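Note sheet for the following structure.
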């Protein structure tokens, strides 16, 4: 009995030792495993934190939150938000016929009260409607109703609250140059669009699209233009973009039904007829008239119109994208048994500015009327983005961020922080409870089949293979790691740009509801032709540039075919190489504003649009981007001197807006003659002279105004050997001499000083 007890005791003791050893072994591996998890967590937290910091910094510089859009929709407003359907707005065109229409800016219509010299399209936008207290994301489908010399406009306005279309109304008493938003004419519980308005038996009717409820409604004006009553349901079909035309004693209803079996969306068209627009409607014998390609213009794009005895139907080409362009077809046969039409040439003046133009990407609706004067007016909606652009950008943005995350994981593989893709215990049962450096540390033994374990084992060979291939400790390996880090940063910034950066379009800044245009002028000569080519290609795409005038001072001028321009370019060859040519009176300039911009300055179009917007507030001022401060020493200094004195009293005209008549007449006056002579002697300082002339003309008022350019502005004169400012010291000495000379002639600027940061929008910080 004693021996048996002893043996049992020894066995029990041995078992306890093994258990204790196993217990310590378990805790040791648990500690190591926790260490691995902590290391991985620290690595990924550091990487993602660094990338997030870079993304936030990039967003702050590129989309600065402290700088707003003056006289646009504020960031707190509900209106003008990005919409996946687009950013439609409405422009006006004039001509002697519906086939010779030109945009309003070609008529050179000026409006002093809104600083529009000239007025330019679009004439009514989501901003003008939203700022009147009627939030809207976009305006589309314009229809005109003419009462004498008063024009009423009805259109779809996309509500940012309900995210559905309502029918808005506006009025013009100056032939469409200015529009007063009146309000919402029709608001139902369902989506409304395409407000076809017409007169019948002394009553005004509206037939908007309401296909969402499966029927076509007809409304009658109770108190025109904002009060309407449902008259009747004229057709129990979900027709879209329907219009009525009276032809040979019969009323014809033309629209599309995309819900029918086999119907081709945006490629289908039907016709119905009746003795009255109130019904009853009967289907055409050949229905559907069209049911095929979306590019043929089957879907209506506006009201059918009569011109020169012929009837025309407006359609929209949806081949490349919804509402890509307008097509017009001449109706040759329209009877109860037959319908035949043939497409005719039709084009509205298209911009080459792409997204930077309000209608540069698509136009899908056209309505034309003849005014009492005999001329024709056409209303057109246009968009700078394609349908679905917002969704597309968001997808690309998050895909870029996902790729950046993948780059971080790849770094983890290469640096040995992550040793395998799946936990080793998913691959082999006997690793249960041991340390793992897997990307996904979810250890569960016995849950996976042998095939999945083999797949996991193969995947886990990838990290060691990559480390062996790249060799992170070698020089080439370190270079590769650096490239991968930079790639991750680029992907992060690209993702932020896609998600928060908008469509990439540069939009102009309206002032009191109007947009306008300016002439861009630059002075150059043959040795700087390469500068000029870049200059024209870049700035001709800015939204508000109407024309580029090249002041050619020396050498044979280039052929216009050498310049890639989206706007007309005019080369003015000078007889004498003089800096005074910059401000020579030019009667061919049609805009009031001129931007004098040197050909060696490269800045974003958005900066230029801001400067133009500021100048429109104060056209009597010289508005520019490069401030200088002149003190009692009369020593010319760079911008940092003005910053150190927290103010400026001069703006360089190498990048400045001015009133072409006021500035050029003043510069060429007899009073400025001695100054011009000194400019020719020094071959310098024409911009300084103009500042002195502005100061004299302004009296005690503010003569110049600064607009801060972005950080990406580049002065290419630093890389050129032909700039007059190449030798900085000599250049500054000449300009100091000019300051003293012009002070003697025109008085000092010393007692003038305007501080930075005076604008609420932050554009002059």
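Heads up, the Cβ atoms here are built off N, Cα and C, so glycines get one too.
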(message) Suppose you had to name the range Swiss-Prot annotates as transmembrane segment; which of 22-42, 43-63, 64-84 would you pick?
(response) 43-63
(message) Looking at 434-454, 455-475, 476-496, I want to know which stretch Swiss-Prot calls transmembrane segment.
(response) 476-496
(request) Out of 394-414, 499-519, 520-540, 541-561, let me know the one Swiss-Prot marks transmembrane segment. (result) 394-414
(request) Starting from the Cα of residue 687 (active site), work out which of the binding-site residues (553, 578, 582, 599, 600) are within 10 Å. (result) 582
(message) If I take the alpha carbons of residue 684 (substrate binding site) and residue 738 (disulfide bond), what is the distance between them in whole Å?
(response) 8
(request) Calculate the distance in Å between the alpha carbons (Cα) of residue 685 (disulfide bond) and residue 582 (substrate binding site), and round it to a whole number. (result) 11
(request) For residue 686 (substrate binding site), name the DSSP secondary structure in the helix/strand/coil scheme. (result) helix
(request) Give the distance between the Cα atoms of residue 580 (substrate binding site) and residue 600 (Mn(2+) binding site), rounded to the nearest whole Å. (result) 18
(message) If we skip the immediate neighbours and take only residues 6+ beyond the ends of the transmembrane segment (394-414), which ones have a Cβ under 8 Å from one of its Cβ atoms?
(response) 40, 43-44, 47-48, 51, 439, 462-463, 466-467, 470, 472, 477, 480-481, 484-485, 487-489, 491-492, 494-499
(request) Just jot down the residues in the same chain as residue 686 (substrate binding site), at least 6 apart in sequence, with C-beta under 8 A of its C-beta; none if empty. (result) 579, 580, 582, 583, 653, 679
(request) Give me the Cα-Cα distance between residue 553 (substrate binding site) and residue 738 (disulfide bond), rounded to a whole Å. (result) 22
(request) Rounded to the nearest Å, what's the C-alpha distance separating residue 599 (substrate binding site) and residue 738 (disulfide bond)? Just drop the number here, would you? (result) 23
